[in-house]
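Chemist: Pulled these features from TrEMBL for this protein:
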- C:6-148: domain 'tRNAHis guanylyltransferase catalytic' (DOMAIN)
- C:Asp29, C:Asp76: Mg(2+) 2 binding site (BINDING)
- C:Asp29, C:Gly30, C:Asp76: Mg(2+) 1 binding site (BINDING)
- C:Asp29, C:Gly30, C:Arg31, C:Gly32, C:Phe33, C:His34, C:Ser75, C:Asp76: GTP binding site (BINDING)
- C:151-279: domain 'Thg1 C-terminal' (DOMAIN)
- C:294-314: region 'Disordered' (REGION)
Number of protein chains: 4
Amino acid sequence: MANSKYEYVRNFERDENLLPNTWIVVRIDGRGFHKLSNYYNFSKPNDTRALNLMNLAATQVVTSIPELVVAYGVSDEYSFVFHKSTTLFERRSAKLVSTVVSLFTAAYVVLWNSAFVDQGQSENEGAELPRLSLTMLPTFDGRAVCYPSWENLRDYLSWRQVDCHINNLYNTTFWALVQQGNMSHTAAEEHLKGTVASDKNEILWTRFGINYNNEPEMFRKGSVVYREYALEASPGDDGEGILECETGVENPMSKTQMEKMRKARQKAKVVTKHVDIIKDEFWIQRPWIRGGRPGRLLGDGDSTETKGKTRNLD
Amino acid sequence: MANSKYEYVRNFERDENLLPNTWIVVRIDGRGFHKLSNYYNFSKPNDTRALNLMNLAATQVVTSIPELVVAYGVSDEYSFVFHKSTTLFERRSAKLVSTVVSLFTAAYVVLWNSAFVDQGQSENEGAELPRLSLTMLPTFDGRAVCYPSWENLRDYLSWRQVDCHINNLYNTTFWALVQQGNMSHTAAEEHLKGTVASDKNEILWTRFGINYNNEPEMFRKGSVVYREYALEASPGDDGEGILECETGVENPMSKTQMEKMRKARQKAKVVTKHVDIIKDEFWIQRPWIRGGRPGRLLGDGDSTETKGKTRNLD
Amino acid sequence: MANSKYEYVRNFERDENLLPNTWIVVRIDGRGFHKLSNYYNFSKPNDTRALNLMNLAATQVVTSIPELVVAYGVSDEYSFVFHKSTTLFERRSAKLVSTVVSLFTAAYVVLWNSAFVDQGQSENEGAELPRLSLTMLPTFDGRAVCYPSWENLRDYLSWRQVDCHINNLYNTTFWALVQQGNMSHTAAEEHLKGTVASDKNEILWTRFGINYNNEPEMFRKGSVVYREYALEASPGDDGEGILECETGVENPMSKTQMEKMRKARQKAKVVTKHVDIIKDEFWIQRPWIRGGRPGRLLGDGDSTETKGKTRNLD
Amino acid sequence: MANSKYEYVRNFERDENLLPNTWIVVRIDGRGFHKLSNYYNFSKPNDTRALNLMNLAATQVVTSIPELVVAYGVSDEYSFVFHKSTTLFERRSAKLVSTVVSLFTAAYVVLWNSAFVDQGQSENEGAELPRLSLTMLPTFDGRAVCYPSWENLRDYLSWRQVDCHINNLYNTTFWALVQQGNMSHTAAEEHLKGTVASDKNEILWTRFGINYNNEPEMFRKGSVVYREYALEASPGDDGEGILECETGVENPMSKTQMEKMRKARQKAKVVTKHVDIIKDEFWIQRPWIRGGRPGRLLGDGDSTETKGKTRNLD
């Protein structure tokens with residue numbers, strides 16, 4: 001039974017190969033996580049276990065795909081950034097998106113019940129997450145977007161982090177009014193209508209004694225996941241030079257070079273930080289993210305000092 | 001901290017809305033399943049537990065998304081067919097693909113260790129699947145393809161089923177030579193070079209006493225997943241009329257009608273069959289697949305006879 | 001000076017190959033024709049010379065591209081229909097659009113001053129068009145749209161013809177009020193606000209003695225351009241059979257067959273008619289348009305009768 | 001006759017909005033110009049009248065579309081560059097391509113017989129071009145390509161200019177062998193097989209006394225069309241600063257600003273030069289091309305000196 005009679009159907013397949021020399025962001029979003037977070041009794045406004053789980057799944061994705069240079073997560077969304085020079089899957093959009101989404105979903109589900117989830121959780125959230133039910137599977141949709149310049153990419157990530165801040169301040173105040181102020185959801189919503197940031201800070205402090213700036217950084221700043229190397233820039237450096245270095249498609253690497261770099265990246269530790277990524281400092285100290293080339297591994301030579309620096313950062 | 005400064009980055013987002021009035025097939029494929037099937041000791045050439053797991057995950061997907069009218073799976077791939085009239089997610093390609101991939105992955109991982117996997121397994125495969133490891137997560141990539149006509153869609157599905165047949169006959173013979181004939185992989189490959197279907201049937205029968213036609217239908221024909229209703233066509237009917245009825249975009253349904261149909265579909269049982277889908281019979285008896293409108297539920301009125309019919313089919 | 005250093009820039013080129021087995025319509029629109037028609041003193045509401053020029057340019061396009069099965073024009077727009085089986089330029093959208101637009105523009109400009117423009121013009125428009133000025137070049141933009149089914153294509157063409165009718169009835173009444181009724185543009189516009197078709201017919205008849213149905217068919221129905229063959233269907237035929245015959249991609253023609261058909265089509269006369277294309281009759285009598293295969297040339301055998309039929313049609 | 005029944009067909013229209021913040025190049029190519037140049041007896045290897053005509057048509061296009069910052073032409077092709085910040089036609093690909101193609105075609109055809117074509121022609125080509133025939137219309141196809149960085153755009157233009165050089169050296173030698181050396185086309189082709197640039201220069205010099213470097217610059221370097229302003233950089237300047245200044249989408253201009261700039265550009269003279277655009281010099285002295293903002297008009301203040309500079313350049 002030859003198959004040639006039907007093979008013409010392959011002509012209907014269409015690939016979208018994303019424009020070369022652009023930064024590719026695959027952003028995934030939890031589907032129906034409002035409902036899901038109620039079903040599994042997530043803590044409000046933030047569930048440390050659930051956020052840790054997101055971060056662990058993202059770490060798994062970044063570890064599995066060395067072409068990813070950084071990822072940023074907040075709430076039930078995560079943005080994964082492919083270096084602009086990547087040629088993974090010939091930059092086919094559907095392949096990039098579906099691979100990231102599938103990897104993230106698989107890791108999220110496998111890790112759901114794992115011991116890892118408990119790491120780093122705050123004291124009042126000692127309980128494990130309830131077992132997953134087939135009728136309420138955690139799933140994520142995704143999309144790919146191209147950003148032509150480094151400035152566009154930085155602005156995209158800043159946009160997400162500002163969004164994190166705005167939403168978290170709102171949610172923290174809303175749930176304080178509901179949980180500690182015994183307001184109904186509607187009343188709390190009404191109460192916050194038209195308020196600006198300083199109003200919410202005031203409400204938190206005067207009514208509930210909460211200093212918003214003391215809230216956990218993971219809640220206020222979201223999570224950055226990336227490969228850590230020895231930090232490079234000295235305090236006096238304005239980083240201009242570093243921020244401008246680029247790996248152009250003009251000088252594409254050979255296959256051997258790329259494979260070598262891929263392996264070098266795989267040796268680096270993938271870390272999760274809750275730090276400001278809007279200002280330049282984060283990026284100046286980690287030029288390998290923009291450059292797309294592996295940095296010096298931690299533990300080489302002056303590692304002690306470097307590690308100290310890292311710790312001071314967040 | 002207003003976010004307006006950065007919001008311009010939304011202008012970089014691009015959606016691909018798939019052409020209306022075309023059948024959308026989302027096909028998913030296991031990533032690196034050759035390696036994965038070795039890692040988890042899948043039986044060769046077919047692992048009943050693994051195939052059942054694929055079918056259960058597909059059932060979960062079809063059940064969750066009423067807009068899917070049929071799905072067909074073989075080996076580590078599955079094709080999910082959206083009716084040509086669907087407007088789900090405004091037919092955005094990335095959203096359709098990522099949702100199907102994520103749902104399938106989540107179901108596959110959750111069901112991996114579940115008791116359901118053991119159902120229907122052949123006697124010599126009593127063992128459960130080994131526990132999933134984070135270092136070898138089962139993941140799937142996916143893509144969407146549009147087929148403008150019913151004939152194109154039928155030909156696509158026929159293409160997949162012919163492929164199933166060709167591959168399975170080859171694999172069955174190859175592994176008989178290796179496992180029972182003690183040939184090396186290379187020797188078996190060499191032995192089969194240039195053989196046609198009848199040669200392979202001959203080898204199986206004369207050397208190993210295997211009648212290929214007695215092999216399980218799931219191996220030979222793959223798996224069709226769809227909503228079952230009371231079969232409709234009588235034996236004498238050539239089905240022409242039924243196969244030609246179409247729901248055009250010309251007469252789009254109202255939102256209320258669509259919601260009503262969606263609910264009707266949700267009541268139907270999603271079944272898995274291992275039957276011929278190349279010939280017309282399967283489609284003539286199940287006009288609701290092409291028509292996209294729910295049929296008469298099983299159990300209404302003449303259900304006994306209908307159910308009997310169903311059973312005779314496969 | 002080898003060019004290899006720069007050749008990487010070819011990787012940025014992207015092609016959109018339009019989905020196979022769909023009808024491709026390239027619609028072109030005059031750019032700024034409101035201004036242009038004032039500049040060159042076109043008659044209002046319709047300029048016979050300008051419409052004839054559009055039709056002649058369209059005829060040139062259809063004649064040059066045998067893959068076009070029909071074209072429909074109204075005012076300063078024209079829709080060119082490629083048969084769904086076409087593989088011209090590998091169905092690349094930019095190539096199809098730019099070729100049609102360029103051919104149309106070149107023909108339009110070359111024919112502008114030609115004697116051909118005067119053919120068929122009504123008596124009161126004897127003057128030639130004024131000479132073209134570089135500062136007011138007639139130009140057209142274009143786009144390609146795919147229609148998956150014959151019904152979709154028919155509905156597209158019906159949409160354009162209904163639009164022609166609605167606009168022409170409005171314009172005829174508007175300019176009668178202005179030119180014969182001495183109303184200002186604003187007053188005429190105000191006068192017509194909220195009127196339906198019968199109101200406008202009434203105004204035309206009672207105030208200006210114009211029977212709209214006696215207006216030239218080119219104004220009321222637009223223009224259809226296509227290859228004419230011997231008409232095929234007999235009066236009693238409901239055309240069902242003919243309208244359903246299709247050339248599927250399932251049975252693609254060989255290159256030789258396609259070349260043969262291409263040549264056969266080139267022998268046929270390209271005609272321009274001003275007839276109803278919403279009802280089935282036009283299409284039933286010209287099955288070669290849907291079928292995409294050349295019909296029997298006029299002048300073969302029973303040509304007299306056939307030609308008579310054609311004449312009766314419009 | 002309401003049109004609502006058919007309006008659903010608009011849902012089939014799809015727009016491709018090109019990625020923001022990327023340079024858009026619309027490249028047009030003559031269709032079948034090999035045949036056309038024989039038909040109209042173009043001189044070989046270069047026809048000055050035909051090249052002038054291309055340049056005049058391109059000038060018309062650049063003049064009509066202020067969003068174009070530069071264009072480069074060679075033989076029967078022309079590349080038109082939209083500034084990366086352009087939002088013309090919402091960056092819709094089909095609209096940009098078809099508008100450029102239609103404008104170019106219209107101008108080419110109108111100018112064909114005009115007196116302008118004779119300007120600048122070499123002495124031995126005094127004859128006018130033959131009249132255009134409907135059976136051999138000059139037409140052009142086109143496509144749009146996005147280049148994310150200035151370097152990518154520069155490399156694209158360098159690629160075209162190197163191509164111009166390679167082809168022109170080959171053609172000059174080939175036609176010398178044919179026209180002056182009385183070789184057949186095949187013999188000349190054979191003779192040049194495997195030769196490098198220096199071989200061809202040698203053949204031209206020793207056999208025909210032709211110093212290739214004395215060939216007209218239009219033949220050797222192609223043509224650049226752009227708005228000329230007062231040149232800006234001094235000889236000692238390395239231009240780094242200028243070449244790096246960019247108008248980002250990060251700080252999009254207001255509508256008023258854009259309209260103001262559009263008008264400023266319209267005042268500038270569009271010029272045609274035959275100069276090197278591979279080296280930096282051309283770009284350093286004309287920073288307004290990359291910057292996308294109008295420069296200082298010629299004739300303001302120190303215009304004499306500036307104009308002198310311009311003249312020295314080419």
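Placement of Cβ uses the backbone N, Cα and C atoms for every residue, glycine included.
These numbers come from a predicted model, not from an experiment.
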Chemist: Reported in the order helix, strand, coil, what are the DSSP residue counts of the domain 'Thg1 C-terminal' (C:151-279)?
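Modeler: Split by secondary structure, the domain 'Thg1 C-terminal' (C:151-279) comes out as 75 helix, 11 strand, 43 coil.
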Chemist: For the Mg(2+) 1 site (C:Asp29, C:Gly30, C:Asp76), what does the 8 A shell look like? I mean other same-chain residues with CB within 8 A of the CB centroid.
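Modeler: Along the chain, the qualifying residues are C:Ile28, C:Arg31, C:Phe33, C:Ser75, C:Glu77, C:Phe140.
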Chemist: Do you know the DSSP helix, strand and coil residue counts for the domain 'tRNAHis guanylyltransferase catalytic' (C:6-148)?
Modeler: 64 helix, 31 strand, 48 coil
Chemist: Under 8 Å between C-beta atoms and at least six apart in sequence, can you list the same-chain neighbours of C:Asp76 (Mg(2+) 2 binding site), or say none if there are none?
Modeler: C:Asp29, C:Gly30, C:Phe33, C:Met54, C:Phe140
Chemist: Applying a 10 Å Cβ distance cut-off over all chains shown, what neighbour count does C:Ser75 (GTP binding site) have?
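Modeler: Excluding its own Cβ, C:Ser75 (GTP binding site) sees 21 Cβ atoms within 10 Å.
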Chemist: Which binding-site residues among C:Asp29, C:Gly30, C:Arg31, C:Gly32, C:Phe33, C:Asp76 have a Cβ sitting under 8 Å from any chain D Cβ?
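Modeler: Among the binding-site residues C:Asp29, C:Gly30, C:Arg31, C:Gly32, C:Phe33, C:Asp76, the ones whose Cβ sits under 8 Å from a Cβ of chain D are C:Arg31.
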Chemist: Restricting to the domain 'tRNAHis guanylyltransferase catalytic' (C:6-148), what is the model's mean pLDDT?
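Modeler: It averages 91.
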Chemist: Between C:Arg31, C:His34, which of the binding-site residues has its C-beta surrounded by the fewest other C-beta atoms within 10 Å?
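Modeler: Looking at the binding-site residues C:Arg31, C:His34, the Cβ with the fewest others within 10 Å is that of C:His34.
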Chemist: Look at each of the binding-site residues, C:Gly30, C:Gly32, and point out the one with the fewest other Cβ atoms around it within 10 Å.
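Modeler: Each of the binding-site residues C:Gly30, C:Gly32 was scored; lowest Cβ tally within 10 Å is C:Gly32.
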Chemist: When a 10 Å sphere is centred on the Cβ of C:Phe33 (GTP binding site), how many other Cβ atoms does it contain?
Modeler: 19
Chemist: Validating a neighbour-count step here. Other CB atoms within 10 A of the CB of C:Asp29 (Mg(2+) 2 binding site): how many?
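Modeler: C:Asp29 (Mg(2+) 2 binding site) is surrounded by 17 other Cβ atoms within 10 Å.
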